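Trainee: As listed in TrEMBL for this protein:
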| type | residues | note |
| --- | --- | --- |
| TRANSMEM | 145-170 | transmembrane segment |
| TRANSMEM | 245-263 | transmembrane segment |
| TRANSMEM | 342-363 | transmembrane segment |
| TRANSMEM | 384-410 | transmembrane segment |
| TRANSMEM | 422-442 | transmembrane segment |
| DOMAIN | 465-576 | domain 'TMC' |
| TRANSMEM | 534-557 | transmembrane segment |
| TRANSMEM | 578-599 | transmembrane segment |
| TRANSMEM | 646-667 | transmembrane segment |
Amino acid sequence: MESLSLDSSCFSSPPVNFLQELPSYRSIARKRTTILSRDKQNGTLLKPTDSYNFQLEGEITEDLDNQSIRKYALNISEKRRLRDIQETQMKYLSEWDQWKRYSSKSWKRFIEKAREMTTHLELWREDIRSIEGKFGTGIQSYFSFLRFLVLLNLVIFLIIFMVVLLPVLLTRYKITNSSFILIPSKDVDIQCTVYPISSSGLIYFYSYVIDLLSGTGFLEDTYLFYGHYTIDGVKFQNFIYDLPLAYLLSTIAYLALSLVWIVKRSVEGFKINLIRSEEHFQSYCNKIFAGWDFCITNRSMADLKHSSLRYELRADLEEERIRQKIAERTSEETIRIYSLRLFLNCIVLAVLAACFYAIYRATIFSQEHMKKEIDKMVFGENLLILYLPSIVITLANFITPIIFAKIIHYEDYSPGFEIRLTILRCVFMRLATICVLVFTLGSKITSCDSYLCDLCGYNQKLYPCWETQVGQEMYKLMIFDLIIILAVTLFVDFPRKILVTYCSSWKLFQCWGEQEFAIPDNVLGIVYGQTICWIGAFFSPLLPAIATLKFIIIFYVKEISLLYTCRPSPRQFRASNSNFFFLLVLLIGLCLAIIPLTISMARIPSSKACGPFTNFNTTWEVVPKTVSTFPNSLQTLVYGITSEAFAVPFFMIICLIMFYFIALAGAHKRVVVQLREQLNLESRDKRYLIQKLTEAQRDLRNRLD
């Protein structure tokens, strides 16, 4: 112990001079000299002690007023000292200020207790915590994302129910003293108002099943689809409820709510990813010293986490090797690899074009043949024709990821970029198939080859109520997607698990192995379903309720599949990266859903035989009509806001705000760089101090010897 007790005599210089030799002190001294010389020229120089005391006093008086002492990163003694200062300051305040302080504390304490109570009311709280403990935060983030979609669809359904369905139900069942205002007939040819609704589902049992799976027959004229709401308004005792305007505003409301909610949640993940943008050396250190997931309690998952960390380190080393390989490439090798990538991307585009064309032909064939009488075809044939577009889309979504995974190996990318590019291609494929289906239906609806089509503005013979028929297509996609998920789990995953477990001696089943719970594939599946819901909610107002039930079923099915039939993928995702990736893909799906909805509301003529917009050429025309009923001053204001004279300055202001935030982000990035430099200097200080301590101990031992 005596050898470890050092005094200042062991050093060749006083302690102050010794501390001044630290690398961090020298770096700060150089910066401070520059700042002091500039302040002397400006005449704004203060003593360091005065500046520090003033800053400390200001921080204490301001922060104690605005924040709780619990939020300070201090030890208990310092917090007690701050609490004493706070109580001393309270004695010199007026009664009004004291009451405000106590009220603010009580309100904050109430908010904290309320938040603690709401955490116990979270949906599937125990299930998700159990999954997190057994399989880590990566898979837990998938189930949390699924819970978010359940809540989102539930809120969307409540918006549509309160704005559209509730006034209709209150009037139809005589709950309130109100009545319907039927749509007045205008100068519309009577041939355009013909809308024959089939009732064959009441005759044959298999027809009833077909109607239940396709939304036709007895389901066609229900609250499920657009065509049932052929009402101009609801007349209450004191006002008239404009149902067409409410129908349009509910669509805008749920799209805007989805956008704001997704952006709000994704900003948090973006901040974390921005902070974690690190150098390669720091990435290695973080994986080795801070890469462990302490939520894991299962032995097999701990082994999987070990293999995952080894995989990440191998991937980082492989990326570093590829960077060196790229730097050492000759011009001939560069031309060769870029030519190969160009050729392979042409193959990818050809595969996408083939899938899109197959969906287009399947949709055309299904729409042209599904109008046959049910008694003229057998049950399987009718069901196959009705679900032909859904079947082709499902096959395309199943085959193309396999092709993309094979192609990416020949493009000579880094492992991380391979995963991202493959996922990006699969995202585009899954979401673009829905848009191809919708635009194919739009082309069939607007294709005019007869006098009746020119008279009504759309193909009235094939689509007397085209909004309902688009809603039926979205309904079939939703139902078929759920059937496929259940069928794969029951008839593929469970038998595969049984064969791998009880026939493990067979080499074929050993090579086959258990099904991997691949997070990106499962996320793309539920984002695909959510995109269908966004597009179809306008044409089928109850579709969000169906989507809510569907995602609840998927949650339990995937949980059972994860626990009993699947094994986690060795390529694990960090929770923060996963959440940001999920929301980014969901945001892409929302943007793609807005495009066909906007075109259908603004460009395609509305049906003259059904729906609340039969007296309007397009759905959007209800907005100018409503604005025309406003007072003149309010009309002038609305027209001024929507004019080019307002749009150009508004766009310039938005650009200035955007440039400001870009500059602010740059400043924050520079601060992050400075903090990283400070961490590097601290590590150098530690090495320097350890070196000096070792030298001092060596000198002390030499003197004692």
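The backbone N, Cα and C atoms fix where each Cβ goes, glycine too.
Predicted automatically and left uncurated, TrEMBL annotations should be read as such.
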Trainee: Who are the chain neighbours of the transmembrane segment (342-363) in space, where the CB to CB distance is under 8 Å and they lie at least 6 residues beyond its ends?
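Mentor: The answer is 388-389, 391-393, 396, 400, 403-404, 407, 410-411, 425, 428-429, 432-433, 436-437, 440-441, 444.
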Trainee: Along the domain 'TMC' (465-576), what average pLDDT does this model show?
Mentor: 82
Trainee: Provide the three-state DSSP residue tally for the domain 'TMC' (465-576): helix first, then strand, then coil.
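Mentor: So the counts come to 85 helix, 6 strand, 21 coil.
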